[in-house]
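Below is one structure, written out as structure tokens; the observations come after it.
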Amino acid sequence: MKPQIKRTLSNFFFEYETPRQVLVRNKRVAVVCRIIQMGVLAYIIGWVFMYERGYQAIDIAIGSIFTKMKGVSFTNISGKERIWDAADLVFPEQGDSSFVVMTNYIATVGQKQDKCPELPDGKNKNKCMTDENCDEGKYKRTGNGHMTGRCISNTSTCEIYSWCPVEDDRQIPDPPILLTAENYTLFIKNSITFRQFNVVRSNLVESVNQSYINTCLYHPKTDPLCPIFRLGDIVERSGFNFSEIARVGGAIGVLIDWDCNLDLSIRHCKPKYEFYGLYGTAKNDKEEKPSLGYNFRYAKYYVENGVDKRTLMKVFGVRIDIIVHGRAGKFDIIPTLTAIGSGVGIFGVATVVCDLLLLYFVSKRDFYKNMKFKHTEIPEEKPALPQSQTEKDLPKVTYHSNLFSRRSL
């Protein structure tokens with residue numbers, strides 16, 4: 001038993017087995033094999049290593065955003081002149097990565113809590129014929145306050161307890177009141193950190209100094225690194241029409257994309273700005289979509305003659321969402337070996353395809369099968385014949401060689 005175990009262990013540690021290979025001289029199959037191998041090699045070198053940089057370890061950036069909007073607008077509505085600046089038009093004013101620039105509005109001045117008729121909506125949802133149509137104390141989803149139980153004959157709507165007079169937003173100002181907001185400028189300051197490589201970068205790169213910022217305006221070809229953007233240009237590059245999006249509002253995404261190869265100088269790690277229309281009215285939109293645009297309401301409260309009042313503003317504007325996407329790579333031996341190993345494994349596709357051609361599609365497939373596979377047969381063991389009952393009953397006789405020889409003589 002011990003010699004057998006020793007021999008097995010010796011064979012396991014000191015013997016090498018290699019698969020048997022058959023050299024096939026077939027031009028068509030050989031050409032197919034080389035084409036597949038060259039395609040796999042081009043994929044590994046061109047796509048995996050050069051384009052995807054599969055030899056690098058990858059880290060995703062952590063980013064922060066600081067924004068500042070500047071600009072001034074002038075309006076003259078019914079003889080009332082007013083100056084609007086960023087403090088009046090930007091919500092919220094903290095310089096966050098998501099904010100709204102007001103471009104149009106509907107103002108309801110002098111509202112106070114009182115009883116007044118509901119606003120006709122034009123769809124007969126707020127219409128009433130008698131007091132029975134106005135349930136006292138109840139509120140309609142399309143209404144603006146709690147019903148008092150009275151039907152006002154002049155308007156054919158229910159009387160409500162609400163902020164009166166009720167806001168009338170059925171007609172949106174056209175052209176937009178603050179159309180000059182397209183000339184506002186947006187300053188974006190962005191910093192990112194790649195923790196794995198201990199790298200910190202800002203969009204104010206080496207070539208962007210204070211004198212350059214004072215005079216530059218972003219352009220994708222002439223000034224691709226300028227961090228100051230004109231609001232009208234942002235809207236146009238996102239595929240929207242500014243006059244239309246200013247009237248009803250909309251949402252725009254500004255993507256700051258960092259794709260850094262840290263095997264090169266850190267000066268080559270620069271941001272790229274892209275603009276996307278998220279929701280609104282685009283130039284090529286021909287279908288009428290529901291609930292287009294973007295709007296919200298806010299109120300300014302004050303006291304007049306001891307009565308609490310407010311000015312309600314329905315704001316239409318351009319919502320800007322700034323998104324940072326950062327990716328950096330640097331050479332690392334582990335992803336390099338992983339990419340090489342996966343590429344070597346893909347080379348096996350050529351062998352599989354060529355074997356299928358040889359064994360199933362070429363005219364001499366039976367010949368190739370005999371050359372590739374060695375068939376063996378396990379001999380069947382013949383079972384021993386059982387002894388008969390007569391043979392079992394016979395006495396066993398032992399012959400001695402010397403005695404047998406003497407008696408034979």
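These residue numbers are counts, starting from 1, taken along the chain as shown.
The backbone N, Cα and C atoms fix where each Cβ goes, and this holds for glycine too.
Between C128 and the candidates C116, C151, TrEMBL annotates a single disulfide bond, the one to C151.
When the candidates C226, C260 are compared with TrEMBL, only one is recorded as disulfide-bonded to C216, and it is C226. Of the cysteines C158, C164, only one is given by TrEMBL as the disulfide partner of C134: C158. In the structure shown, the C-beta of C158 has more C-beta neighbours within 10 angstroms than that of any other entry among the disulfide-bonded residues C134, C151, C158, C260, C269. Using Cα positions, the member of the disulfide-bonded residues C164, C226, C260 nearest to N295 (ATP binding site) is identified as C164. Ranking the binding-site residues K68, K70, R297, K314 by C-beta neighbours within 10 Å puts K314 at the top. Here the Cβ of C226 (disulfide bond) has 19 other Cβ atoms within 10 Å, regardless of which shown protein chain they belong to. Geometry remark: C216 (disulfide bond) versus K68 (ATP binding site), CA distance 16 Å.
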